[in-house]
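To start, the structure itself, in structure tokens.
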Amino acid sequence: MSVPLRFSTPSSSPSASDNESVHDDGPTTELDTFNTTDVPRRVNTTKARQMRPKNTLKVAFSSPNLKGLDNTADSDSQPWLGGYLAGRLEDISGQSRRNYVDPYYEELNAGRRPNKPVWSLNGPLPHVLGNSVVEKISQKNQEARSRANSRVNSRANSRANSSVSLAGMDGSPNWKRKMKSAVFGSRVKLNDEEAQLPRNKSSVSIAEQAASRPKVSFSLQSSRQPSIAEEQPQTQRKSSAITVEHAENAEPETPRNNVSFSRKPSIAEQDSSQDITMPPNEIIAEESLDSGSDTETLYLNYWCKIRHFFREGFAEFLGTLVLVVFGVGSNLQATVTNGAGGSFESLSFAWGFGCMLGVYIAGGISGGHVNPAVTISLAIFRKFPWYKVPIYIFFQIWGAFFGGALAYGYHWSSITEFEGGKDIRTPATGGCLYTNPKPYVTWRNAFFDEFIGTAVLVGCLFAILDDTNSPPTQGMTAFIVGLLIAAIGMALGYQTSFTLNPARDLGPRMFAWWIGYGPHSFHLYHWWWTWGAWGGTIGGGIAGGLIYDLVIFTGPESPLNYPDNGFIDKKVHQITAKFEKEEEVENLEKTDSPIENN
């Protein structure tokens, strides 16, 4: 393993000034060095040496196999480029280290997901508006903009006509240039280096300020980041535009061995380099068919294509399977050992940690709901797509089915010993797979036990996942969700075994009926699994989300906070008023631009 060492090393530049080294306590060495404060882009060697600032920390690796790794790319501007040092420089500079990615890995990975929201239990929930609200806002905004455009164009035409008439009276347009210079400030064409220097706020014209402000508009199309194939033509067009604009003041490029730059190279300098390695166009794969591209999606193999369309369902399946393996396994272990293998507190923590691991497994793909009550609550109050709800529930049930099967198979010998034979199966061990209220609990009490427990679960989840409240640190949400499950189990779970999750009950119950416990597992406690395990949990989840949104949440994605027509009209009026001012300034500049060029 190579260890970074601090040395005072001479530069490899032929310039005399570059041979100066940074004095340090350590010895000198002839190993290749690299700069940790300003890593240039992947350009030619001469330009890379020119762009290094002097008197900076130099770091060398003791291993000779790491020589010649200086030409690493700027990972912030071109993340698809890379090298060995792309992941190590951030460690040396004291910042968090990003994972290394091979230059061609991202392009070959056809499973890249587009920029879509993920309703994850391991991070803040996305803020998404309903289609009806977006269509209403877009329609009103389009109508207001059309009216504003007509008014602005009429004003611009009237000013243009008056300008032509005045220019005809006076053959010299100098007075117009002076008036515009007094109002908007003088315009001076700058070269590429001067244009990037900071300017005083007073020297920026009103038109430039208006152009720098972002335009506010509404669109029904989903936003996504452009691919490399789409970004390259824009870079070339931008580079050509800069070259034409500064052609008059451009100076010939000469070697600057004694000059160090503290800025990043401009677009023109980037394009002038011939050593930038671009991946071949043949292997560039579009993100997804859902991203709006007409190019067919490429897949590594046939299974990758199947997984691409069912990835969210598979994630819910696997996350729920892990949840049930830990939970049902702890139930069976405590039962067959007559309490020696676990207590009620250990069972609660087992279910909580199982839920935590399930969320970590599926959180970045499907959200890690692992619970139909949570999925339905998110669809009602957080705009989770309704067409995904049955898909999620289907995979959650079957994940619980196979999770119960794995736990049962693991404890099969102990269950047989506990029951007294391999053909004997009683509700004593069957109750470890599915839930049932205690015999003395009334049906009203049993129902409201599940109702209240799931309401607390969903209400606390909405609070934890609300980034406008006090969300946990990134990556810690799933751990807190696990603690929440354990706390509910220890405080509100004794009378009904804290179902809280319809899939967790139905999946193992189906397996119990299939393995030999018989249909009696469905008939227990007057078909408890229908009105208790499903009705009580789903109703409680909806109630918990309703209470949180009623008293705390203010986002417009909740049905309790839908914007009415009056709010939309006022908001659109504010936007169009700002739009009119910006368009008026831009049209005034366009009208007077030919006169300035004269």
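Note: Cβ is positioned from N, Cα and C throughout, glycine not excepted.
The region 'Disordered' feature in Swiss-Prot is assigned to 1-54 (among others).
Annotation source Swiss-Prot lists compositional bias 'Low complexity' at 1-19 (among others).
Positions annotated as topological domain 'Cytoplasmic' by Swiss-Prot, on the basis of sequence analysis: 1-313 (among others).
What Swiss-Prot records for 30-48 (among others) is compositional bias 'Polar residues'.
According to Swiss-Prot, the feature region 'Disordered' maps to 139-176 (among others).
As annotated by Swiss-Prot, compositional bias 'Low complexity' applies to 147-165 (among others).
Under the heading region 'Disordered', Swiss-Prot lists 194-279 (among others).
Annotation comment: Swiss-Prot describes 218-242 (among others) as compositional bias 'Polar residues'.
Per Swiss-Prot, compositional bias 'Polar residues' is recorded for 255-276 (among others).
Only residues 6 or more beyond the boundaries of the transmembrane segment (314-334), in the same chain, are considered here, and those with a CB under 8 A from a CB of the stretch are 307, 341-343, 346-347, 350-351, 353-355, 357-359, 361-363, 365-366, 368-370, 392, 395-396, 398-400, 402-404, 406-408, 410-411, 414-415, 429, 431-433, 501, 503-504, 507-508. Per Swiss-Prot, transmembrane segment is recorded for 314-334 (among others), and the stated evidence type is sequence analysis.
The average pLDDT computed for the topological domain 'Extracellular' (335-346) is 91. Per Swiss-Prot, topological domain 'Extracellular' is recorded for 335-346 (among others), and the stated evidence type is sequence analysis.
The transmembrane segment annotation in Swiss-Prot covers 347-367 (among others).
For 368-388 (among others), the entry in Swiss-Prot reads topological domain 'Cytoplasmic', with the evidence type sequence analysis. Nonlocal intrachain contacts for the topological domain 'Cytoplasmic' (368-388), taken as residues 6+ away from its ends with a CB within less than 8 angstroms of a stretch CB, comprise 119-122, 125-126, 128-130, 312, 315-316, 319-320, 323, 355, 358-362, 396-397, 399, 454, 457-458, 461-462, 478, 500-504, 537-538, 540-542, 544-546, 549, 557-559.
According to Swiss-Prot, the feature transmembrane segment maps to 389-409 (among others), an assignment based on sequence analysis.
Residue counts for the topological domain 'Extracellular' (410-444) under DSSP (helix as H, G, I; strand as E, B; rest coil) come to 18 helix, 0 strand, 17 coil. The annotation topological domain 'Extracellular' is assigned in Swiss-Prot to 410-444 (among others).
Residues or ranges marked as transmembrane segment in Swiss-Prot: 445-465 (among others).
With a cut-off of 8 Å on Cβ pairs spaced 6 or more residues apart, the transmembrane segment (347-367) and the transmembrane segment (533-553) reach fewer than 3 such pairs and are scored as not touching. Away from its own ends, the topological domain 'Extracellular' (335-346) comes close to residues 411, 414-415, 417-418, 428-429, 431-432, 489-490, 494 of its chain (Cβ-Cβ under 8 Å, at least six residues beyond either end). According to DSSP, the topological domain 'Extracellular' (335-346) comprises 5 helix, 0 strand, 7 coil. Tertiary proximity for the topological domain 'Extracellular' (495-532) is limited to same-chain residues at least six positions away from its ends with a CB under 8 Å from its CB atoms, namely 320, 323-324, 327-328, 348, 351, 370-373, 393, 396-405, 408, 423, 425, 427, 430-431, 433-438, 441, 443, 445-447, 449-450, 453-454, 457, 485, 488-489, 538.
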